[in-house]
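Trainee: Have a look at this one before I ask anything.
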Amino acid sequence: MAATGEALTPQGYIQHHLTNLSVGEGFWTWHIDSLFFSVGLGVLFLWIFRSVGKKATSGVPGKLQCFVEMIVEFVNNSVKESFHGRNALIAPLALTIFVWVFMMNFMDMIPVDWLPHAASLMGIPYLKAVPTTDVNITFSLAIGVFLLIIFYSIKVKGVSGFVKELTLQPFNHKAMIPVNLLLETVTLIAKPISLALRLFGNLYAGELIFILIALMYGTNLLLSTLGVTLQLGWLIFHILVITLQAFIFMMLTIVYLSMAHEDH
């Protein structure tokens with residue numbers, strides 16, 4: 001049952017699958033597996049879309065080109081409906097976020113023992129293949145969005161406009177500046193935190209459920225049969241979850257950046 005080929009207790013099995021391959025200690029710990037899969041999937045996304053773009057023709061498109069065009073059109077329409085400013089970066093950014101996050105989420109569809117077992121054959125003791133079950137990855141994505149929010153808020157409104165937004169809303173009175181600053185700062189900081197924790201929480205919970213279902217295998221015939229049924233049912237439902245979470249992350253990014261472009 002263990003990915004390393006050793007007999008593990010149920011608690012040890014769960015802990016093994018939730019442990020990252022890491023180097024360093026404390027704050028300076030690097031999760032090598034999360035970095036490898038997130039960067040690798042990002043490169044794969046760029047390669048696929050670049051290849052399709054170079055081979056695109058005005059004639060009858062192939063299946064892959066149709067699929068890519070459908071995604072691009074869907075994201076482009078989402079941006080048109082939700083983003084009210086003018087910025088040529090937003091649509092490519094939204095496309096990158098949606099596809100990249102979906103691809104990282106989709107790694108959760110691979111049976112939980114396959115990749116860790118393959119890694120153990122190469123002498124790698126731990127392997128987490130779903131980058132979005134690592135809070136460091138989700139916070140990295142969210143912080144990137146947060147920095148863009150700050151950048152465009154200052155670029156569009158100016159430093160003085162940005163400061164006024166933090167100090168004179170929602171109560172437009174000088175006496176309320178401390179209260180406004182506190183409320184607006186909390187609201188601003190809550191954006192990346194909610195983005196990161198929502199994605200992490202949903203994918204971590206989904207991964208944990210797959211692991212718990214996998215524990216049923218090898219116990220007895222009844223539980224093994226039940227495990228197969230549960231695995232299939234959760235797999236079908238989880239496809240909706242991973243797609244929805246990628247969509248939500250993309251849409252909130254678009255909305256937050258649209259708010260940053262509003263010049264009052």
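Every residue, even glycine, has its Cβ placed from backbone N, Cα and C.
In case it helps, Swiss-Prot gives these features for our protein:
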type: TRANSMEM; residues: 29-49; note: transmembrane segment
type: TRANSMEM; residues: 90-110; note: transmembrane segment
type: TRANSMEM; residues: 134-154; note: transmembrane segment
type: TRANSMEM; residues: 177-197; note: transmembrane segment
type: TRANSMEM; residues: 208-228; note: transmembrane segment
type: TRANSMEM; residues: 235-255; note: transmembrane segment
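Looking at the shown structure, what environment does each listed feature sit in?
Mentor: Long-range contacts of the transmembrane segment (134-154) within its own chain (CB-CB distance under 8 A, at least 6 residues past either end) are made by residues 20, 31, 34, 38, 87, 93, 97, 101, 104, 128, 162, 165, 188, 191-193, 195-197, 199-200, 249, 253, 256-257, 259-261.
Outside the transmembrane segment (177-197) by six or more residues, the chain places 135, 138-139, 141-143, 145-146, 149, 165-171, 249, 252-253, 256 with a CB less than 8 A from a CB of the stretch.
If you look at the transmembrane segment (208-228), the same-chain residues 6 or more away from its ends with a CB under 8 A from one of its CBs are 1, 10, 13-14, 17-18, 108, 111-113, 234, 238.
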Trainee: How about long-range neighbours of the transmembrane segment (29-49): same chain, 6 or more residues beyond its ends, C-beta under 8 Å?
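Mentor: Residues packing against the transmembrane segment (29-49) from afar: 20-23, 64, 68, 96, 99-100, 103-104, 107, 126-131, 134, 136-137.
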